[in-house]
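Copied over from TrEMBL, here are the features:
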{"type": "ACT_SITE", "residues": "H8", "note": "active site, tele-phosphohistidine intermediate"}
{"type": "ACT_SITE", "residues": "E82", "note": "active site, proton donor/acceptor"}
{"type": "BINDING", "residues": "R7, H8, G9, E10, T11, D12, F13, N14, R57", "note": "substrate binding site"}
Amino acid sequence: MLLLFVRHGETDFNKNGRIQGSLDTSLNEVGKKQAIDLSNCLCTMKIDKVFCSNLIRAKQTIEPFLERKPDIPCQYFSELQENCMGTLSGLTWDEIKLKLKQEKTSLDDYGESKIEFIQRIMNFWENVILPMQGHISTILIVTHGGYIATLVNQLSKLGFLNVPKNIVITGSPKNCSISAINVSNKSSYELISYSDVMHLFYSQEIIVGVDYKKIENSNLSI
């Protein structure tokens, strides 16, 4: 089973370096263009199902693709939202660091704690995604940067995810990027790509950094 994780397109908060968390922000003009480029790439692939965060920036990211492929089922989940940052939402990281220092607090004192966020991610992985293995070939999951980065990190820590040496993981994936995980069985996964954005630069030729279609058609994606 091939899982394609897409981070939502750019928002003004992204552009200005402000933390969104669970704030319901919209795509800016760059993000809307990214969503169209993404749809050009995705339309070359056979996708069986879409799971999407119920926040508007995620919905807007997948909208151009769903308009072109209306028969593909799409489900929206609050469980796919970004980490809730509480009253820290809307601030820059510099502002957050200053606030934590002045109030003598930590990130876990606001919104969702790190442990709560990981538990939410892993519960969705175990109860919604993994049961699809063996029944569906390819699932597209539209979510958020912190969500994808935390999932990859957690699966790797648990020893379930093989990360090839040629894939470098540096922080959260980029806006509208594709990160792919192949699930061979319920305890063995491989990271195929991380933060792939080639489709945003070569959308007219529908070129992507990784040949996902080839992976789809191989035994790996069963």
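Cβ atoms here come from the backbone N, Cα and C positions, even for glycine.
Structure with TrEMBL features highlighted.
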residue	record	DSSP (3 states)
R7	substrate binding site	strand
F13	substrate binding site	helix
R57	substrate binding site	helix
E82	active site, proton donor/acceptor	coil
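Using a 10 Å radius centred on the Cβ of T11 (substrate binding site) and all shown protein chains, the other Cβ atoms total 21.
E82 (active site, proton donor/acceptor) and F13 (substrate binding site) have their C-alpha atoms 14 Å apart, to the nearest angstrom.
Non-local contacts of R7 (substrate binding site) by the CB criterion (under 8 A, 6+ apart in sequence, same chain) comprise T143, H144, G145, I148, S172, P173, K174, N175, C176, S177, S179, S195.
The local packing around R57 (substrate binding site), expressed as other Cβ atoms within 10 Å of its Cβ over all shown chains, amounts to 27. Sequence-distant contacts (6 or more apart, same chain, Cβ under 8 Å) of F13 (substrate binding site) comprise I19, Q20, L23, T25, G90. Annotation for the residue listed as 'active site, tele-phosphohistidine intermediate': same-chain Cβ neighbours under 8 Å, separated by at least 6 residues, are L27, G31, S53, L55, R57, A58, Q60, T61, V142, T143, H144, N175, C176.
For G9 (substrate binding site), the number of other Cβ atoms no farther than 10 Å from its own Cβ, over all displayed protein chains, is 29.
Of all Cα pairs drawn from R7, H8, G9, E10, T11, D12, F13, N14, R57, which the record names as binding substrate, the longest spans 15 Å. Residues K15, Q20, T25, L27, N28, G31, N175 surround the recorded substrate site, their Cβ atoms falling within 8 Å of the Cβ centroid of R7, H8, G9, E10, T11, D12, F13, N14, R57, which are themselves excluded.
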